[in-house]
Amino acid sequence: MAGHDLLGFTCQQMCAFMVERGLPAYRGRQLFQALHRRLVETPEAALELPRALRTGLAAESDLRPLSLMEVFEAADGTRRYLFTVRDGHAIETVWIPDGGRITLCLSSQAGCPMRCAFCATATLGLQRNLTAGEIVAQVLYVLRDAVHRWQQPRPAGVNLVLMGMGEPLLNYDHVLHALRVLADPEGLHIVPRRVTLSTVGIVPRIIALGREPDRPRLAVSLTAATDELRARLMPVNLTYPLEALREACLMFPRQPGERITFEYVLLDGVNDADEQARALLRWLAPLRAREAAKVNLIPHNPVPGLPFQPSPPERVLRFQALLRAKGLPTYLRRPRGRDIFAACGMLAATSRPSA
Ligand code: SAH
């Protein structure tokens, strides 16, 4: 990494950085606001800073950790950004418009070590953890691009989902630090309740996350409610089986009205039978009793080379109806950006715009 990871600094850290250089602390606030509010790309463009500081910063720090390789736009307005980081690994960020708001789907690792059988990212294996600056840079880059290249107004609101490449709880410190930077009131001020972190279920880290003072919302990728099937689809289940996972979810402190989201990818003939909906209801029973759970059903997005197919629409609706009949809030995730490989589980650094 070339120089300081300045995009991974909070406003306070940026001020301390200036003081260390013998400069007044307010220079740190000026730079932080230029980067995070005005979205300047290089320190040279932060004209409120003295010239010597601007050139010094440009030489010794890394304000452009991502290089854009390609951007694909889907018919529904979803955009998939394919970036490379400094050492050449590819990562992806997805821009998902939603009325006046947008949702940004961020990567937390280059590749992923979790080996879920139905996911395209799993085929890459883990390349490395992203730095806090590389996570923050994804947000800054796509917001800047929307304004400059696509001439769109700044979105009225931004939601973040850590549902891109990687397992965020295996890059715990960098992810949480990046979220603190993004929540900084001197900058983008994207508060934790606007952020959802999705995990395969790394139990000790779920427990740790619950103890954080400012934490994102929690989503758990479940996809099967019996140990035998879940271990086949998601090898993490061999380390953290369903009972331990449920225990961690039951302990997870929630705000009033807050529910944990359980994501369930529907795979044709694998986990979409009535019996499996009943197993899901049984497994969720103690969480349902506390109104602590909701379910997102995700239609499987086919991945070339993987032996899974999406459940037919009538199966999806029947599965949803069985859960709803028991009072479980159950939503269907509309696949976004499938035609550009941007949808869930399709992120594998492909540069093909479509199949
Ligand atoms: N590693 C974390 C963050 C990634 S979220 C996690 O798994 O939760 C990506 C979501 O897409 C997960 O819920 C995953 O189960 C789902 N997914 C993976 N492959 C998919 C596919 N081919 N079609 C639809 N969803 C998929």
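For all residues, glycine too, the Cβ spot is worked out from N, Cα and C.
These features come from TrEMBL:
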- Glu92: active site, proton acceptor (ACT_SITE)
- 98-338: domain 'Radical SAM core' (DOMAIN)
- Gly166, Glu167, Ser198, Ser221, Leu222, Thr223, Asn301: S-adenosyl-L-methionine binding site (BINDING)
- Cys344: active site, S-methylcysteine intermediate (ACT_SITE)
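Rounded to the nearest whole angstrom, the C-alpha distance between Thr223 (S-adenosyl-L-methionine binding site) and Cys344 (active site, S-methylcysteine intermediate) is 13. In this structure, the recorded positions that sit close to ligand 1, with a C-beta under 6 angstroms from any of its atoms, are Glu167, chosen from Glu92, Glu167, Leu222. In the structure as shown, the Cβ atom of Glu167 (S-adenosyl-L-methionine binding site) sits within 10 Å of 26 other Cβ atoms.
With a 10 A radius on its CB, Leu222 (S-adenosyl-L-methionine binding site) counts 28 other CB atoms from all the protein chains. Looking at the residues that bind S-adenosyl-L-methionine per the record, Gly166, Glu167, Ser198, Ser221, Leu222, Thr223, Asn301, the two CA atoms farthest apart are separated by 19 Å. Confidence over the domain 'Radical SAM core' (98-338), given as mean pLDDT on the 0 to 100 scale, stands at 95. Mapped onto three states, the DSSP output places Leu222 (S-adenosyl-L-methionine binding site) in coil. Cβ neighbour counts within 10 Å, taken over all protein chains shown, single out Gly166 as the most crowded of the recorded positions Gly166, Ser221, Thr223, Asn301, Cys344. Applying an 8 A CB threshold to same-chain residues 6+ apart, the list for Ser198 (S-adenosyl-L-methionine binding site) reads Val161, Leu162, Met163, Pro168, Ala219, Val220, Ser221, Thr261, Glu263. Asn301 (S-adenosyl-L-methionine binding site) sits 7 Å from Cys344 (active site, S-methylcysteine intermediate), counting Cα to Cα. Here the Cα atom of Cys344 (active site, S-methylcysteine intermediate) is found 12 Å from that of the residue listed as 'active site, proton acceptor'.
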